[in-house]
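These notes concern the structure reproduced below.
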Amino acid sequence: MPVSCFKCISCRCGSSNKNYTHCIENEMKEYMCSTWAKCQTCKDNTTHCITCPPKQFGPLCTEGMLEHMRGKRQIFTVQRPMHCKNEACIHNGRVLVLRTLTGPLLLEEDDFELPVGTRLHYSCDEGYVLKGVADLICEDTGFWSEEEPPTCVEVRCEKFGPVSNGRVVVYFSSTDSRRITINEKGDLIYPIGTRLHYSCDQGYMLIGNKSLICESSGRWSDIEPVCSNECGRKSIYPNSSVILGTKTIPGEWPWTVAIVVNEKDRIRFYCSGVLLNRNTILTVAHCVERKSDYILYFGLFHLNFEDKDEYVEERTRSRIIIHPNFSRKAFDNDIALVIFTPPVRFSERIQPICLPTPSSTEKNLAAEVKGFVSGWELTEHNSLSQALSMIRIPVLSHQTCTKHFRKKGLTESITPGMFCAGLAEGIEGFCSMTSGSPVVFYNGETDRYTLEGLVSWGGSRPCQKKENYYVFTKVATFKQWIIDKWQG
């Protein structure tokens, strides 16, 4: 029995004298059976005749013919108002019945047929979306403007991938009629309100939000977190005599990586990067877009490649993944991953950095918040410093940054994948950080540092003391891309 059916009745079909069933709600049996009174053949639960007796036509066999003397036939019609089948019913939704000129019509009227000009407006309950046209109009042909009425389809979130080195627990309401189901591909899909809770194995740290919720949009509330080795921690700190300057000590910034090129048997420093895990670093795309033999140095302090200490590790075999939308002209999407083998060993001098979360980015990239940039700088004499340096600089507002670079005649736009930071007044002896140098922010509650950006372009060349501003690649914008490539 159809869902909208209150009860079924048996009606006789005109001249065939056979019984067929009608589905009704509030109408009288006599009225409903009269719709088949002049039919020749009928069909269950229809509002029209299947065939008519000789010389009768029309949905209810009420249209006849006249014989003319010359043998020509002319159809004449018995005038009656046309109706459409009542389609004012939808699972997991509601229907508003409207009639032209007369405004809303309460559904309690609930006719089995609705007159020409009636408009049905469909909407869905929370957690469902309408599939099909929202409005149907009963046309003067006796049929609706669309062949099929719309349906309400449940909104669900797609499957989530497995988490390496951790686990995920799925929570959902036991009283809700909606359940976790399997689609035609064999994947699990989850109803709105489903909550995922992530945790990591011992020795690993969760990067990202530990709880995700399936929202009414059919999307998870955040990207999937990952379980990474301990990140953003260091065990070596400078004494008070150097903590405010640009000088550092070995191991103070253990995630900073030196990218070196070997050109005609001549090794020279090229860019900086930052360590994400045992076999992956992050840097800017324009540093690694050329086909060169790159050498990666971990735990390096002095740029002395021939006389390295025992804590330094070197890798030469690597695979470079540049963001597909990188623009060399505009420096947009200026980010790349370098995956190397074999993996490095973590030590006091070699540690990975933490990737940002939505909350960390919102907090750290507010104007005037200060972050730490580490790398091998250019001095005011435009020479490369031999020791790893650090400078603490404040984040700039988008307005201040844009105004500054326009004043310098630079037309590059500050896109959503960028942010600015720098010093209005310079520091003695400091000029510019090299590309790929990471900017990190300290969280006192977790005692960890979080990566938010990589030096992309800007700075003062030739060296100037005032308004020494940089544009950084905003790592949070590319976090999902990083994780996808990282796990892939």
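Think of each number as a place in line: the chain as shown, counted from 1.
Glycine is no exception: its Cβ is also placed from the backbone N, Cα and C atoms.
Listed in TrEMBL as the disulfide partner of C227, from the options C200, C214, C231, is C200. The secondary structure of C200 (disulfide bond), as reduced to three states from DSSP, is extended strand. Non-local contacts of C227 (disulfide bond) by the CB criterion (under 8 A, 6+ apart in sequence, same chain) comprise V163, S164, N165, G166, Y198, C200, D201, Y204, M205, L206, I207. Under the DSSP three-state reduction, C227 (disulfide bond) is assigned to strand.
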